[in-house]
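Everything on this sheet refers to the single structure shown next.
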Amino acid sequence: MANVVVVGAQWGDEGKGKITDLLSKSADVVVRYQGGVNAGHTIVVKDQTLKLHLIPSGILYPDTQCIIGAGTVVDPKVLLEELEQLEQLGVSTENLLIAETAHVTMPYHRQLDIAAEERRGSRRIGTTGRGIGPTYADKSERTGIRMLDLLDRDQLAAKLEWAIAQKNLILEKLYGLAPLEPQPIIEEYSAYGERLRSHIVDGSLVLDDAIRRRRNILFEGAQGTLLDLDHGTYPYVTSSNPVAGGACVGAGIGPTMIDRVIGVAKAYTTRVGEGPFPTELLDEVGELLGDRGAEFGTTTGRRRRCGWFDAVIGRYAVRINGLDCLAITKLDVLDELPEIKVCVAYDIDGERCEHFPSNALKFARCRPIYETLPGWQQSTRHCRSLDDLPKAALNYLKFLAEIMSVPIAIVSLGAERSQTIIVEDPIHGPKRALLKDDGTQVHPILS
């Protein structure tokens, strides 16, 4: 299998959990490299649906080691709840490891997150209110609490007493909120450390050993490319780096250790929260996509905004991540539509633009330029090969592959593992198209 990164190629919620689950059966190690409880994926265990926010999908495979990397921010309370849920269903959690240098989300982070968002008013970003941004802010300011701090009560107490004194100034003076008492928090988080002690390790050392032993490693990103702190639709982004490059920093390995990058994108586009969304549909088609796709956030429960597939941001995701291939999910959601549109470029103040603009104000002025393709108006959920697909559905996939110059390796047609078409080997199959010597494009084919 080699070492593979799975990234979201849109604004998150692309169905990475299912794709990671499919690939995890061939992995020896699965690593979550960034984000926190602001992301989530749904898994099914013994006919019961679980929503996990921190634990990698590979936890369902007893021989697969799962690592929460240093680039993540960990809410220990939520993590322990997830562990207990899995154990109650008979799923072993002994194979879960947590990087000792991962930062910890504290109660004051959640309070500050919610208070800041409320204070922004009409300028709100649309955060989940889970304290992720403030946790990463403390990490950057070098005042954060790390998992290793939870294992030394005296060290934890000293750090928390200082941190809480600083946060209380902000809570009281800026937001008019009641101050926090440090002692209960010290006791609570020290207890979390004891309960998690056996899971906390030097994550980079474990990964280095796995690499040297030629183990197959799967790196699992949260959110999506367009939510990346540096490369997304800033400021309407998350506080970490979901892009493929973030896997090396967040896991603690060198870039030469990555063999392949797989992007995941829906057959249409969704977005949660605020921010520009050129292909957003505020009509009955958008409602249909939301209803058929069950578009509600795993973490917040908020209804997702829905729109047509945006190949401009798709090409951007291919470029920023160096995608080798794509997995297209939820193709079945389009089954009822008589026609399907794909945004191939933007109109910005009367000029055609085929590239994603980094300026959020400019991006907000983008108007989609569409290509319209015929729909297939029949169910695809039973299809298990390309030959089973209606011709119009196959043509739609080919169009996406060509316009983004990247092969499609996987097509998902529902939530179940069986509702999947493996077009090409996602690990060893064809890679992204290159340019000919004369500069013309070599278009990838679907099969």
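Glycine residues also receive a Cβ, built from the backbone N, Cα and C atoms like all the rest.
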What does Swiss-Prot list, out of THR49, THR233, THR238, as binding the same IMP as ASP13, GLU14, GLY15, LYS16, ASN38, ALA39, GLY40, HIS41, THR128, ARG142, GLN223, ARG302?
THR238
Among ASP13, GLU14, GLY15, LYS16, ASN38, ALA39, GLY40, HIS41, THR128, ARG142, GLN223, THR238, ARG302, the annotated IMP contacts, find the widest CA pair distance and round it to a whole Å.
34
According to DSSP, does ASP13 (IMP binding site) sit in a helix, a strand, or coil?
coil
Out of ASN38, THR42, which of the binding-site residues is least crowded by other Cβ atoms within 10 Å?
THR42
If you count Cβ atoms within 10 Å of the Cβ of THR128 (IMP binding site), leaving out that atom itself, what do you get?
24
Around GLN223 (IMP binding site), which residues of its chain at least 6 apart sit with Cβ under 8 Å of its Cβ?
GLY8, TRP11, GLY12, GLY35, ASN38, ALA39, THR238, SER240, PRO242
Cβ-Cβ distance under 8 Å, sequence separation of 6 or more, same chain as ARG304 (substrate binding site); the residues meeting this, in order, are ASP13, THR270, ARG271, VAL272, GLY290, GLU295, PHE296, GLY297
